[in-house]
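Swiss-Prot has this to say about the protein:
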ACT_SITE  199  active site, acyl-thioester intermediate
BINDING   101, 102, 103, 104, 105, 106, 107, 108, 168, 169, 170, 181, 182, 183  substrate binding site
DOMAIN    59-239  domain 'BPL/LPL catalytic'
SITE      165  site 'Lowers pKa of active site Cys'
């Protein structure tokens, strides 16, 4: 990416006319899943598909949120450019999954929190741009609680700290029921990002929270994400 990134604060930039406070008229229910063990990517994808199918068929059934970690892998969104893989497809260093979300190639690994949200936007707001900004705000709010300033970049999706991208967003949506969500780098090994052009952004710098807060762990951040998701989308966790 040759041009200089134009950072914007959460309240400014091209989306400054958006109300970034939760938009639900009333709360709705969701199951919360926080697996203790690392989850294979294809397993979590199956969970999401099942819940999405059920929500499409039964729109007022509980939604679902997962906060988890994955084994190391790469995922590619709809229409991803294979030129962003810096290796031969038949000689991949890690599993590669092509999935139905927006965005380019990204990398998942232990030490990164992945948030998957299967929400019925008919109960929230039927606006994908709004939804993307809300997911960004979930991460920005958590960073604020940690004493860090999360930033957006003009024309891009995700969250940066200083000049490093720490949070990625990628969603899928079918009949206004969402899939996929966000990832936040906490204390992960970032070496896998050297094998790709992350999110299709040439020369982008990738960071993790432990660059600023040494010793921080996933278990420190997960409760903050849980509450941020709950507050932003006005969710009641199902027992």
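Placement of Cβ uses the backbone N, Cα and C atoms for every residue, glycine included.
In this structure, residue 168 (substrate binding site) is part of a beta strand by DSSP. If you measure from the Cα atom of residue 101 (substrate binding site) to that of residue 165 (site 'Lowers pKa of active site Cys'), you get 19 Å. According to DSSP, the residue listed as 'active site, acyl-thioester intermediate' sits within a helical segment. Long-range neighbours of residue 107 (substrate binding site) (same chain, six or more residues apart, CB within less than 8 Å of its CB): 72, 73, 74, 192, 193, 195, 196, 198. When the record's substrate-binding residues 101, 102, 103, 104, 105, 106, 107, 108, 168, 169, 170, 181, 182, 183 are compared pairwise by CA position, the greatest distance found is 16 Å. The two recorded residues, residue 182 (substrate binding site) and residue 199 (active site, acyl-thioester intermediate), have Cα atoms 13 Å apart. The Cβ neighbour count for residue 165 (site 'Lowers pKa of active site Cys'), using a 10 Å radius over every protein chain in view, is 22. In the three-state DSSP reading, residue 105 (substrate binding site) counts as coil. Taking a C-beta cut-off of under 8 Å and a sequence gap of six or more, residue 105 (substrate binding site) has these contacts in its own chain: 74, 75, 76, 77, 80, 84, 85, 196, 197, 198, 199, 200. Residue 182 (substrate binding site) carries a strand DSSP state (E or B). Annotated pair residue 103 (substrate binding site) and residue 165 (site 'Lowers pKa of active site Cys'), C-alpha to C-alpha distance, rounded: 15 Å.
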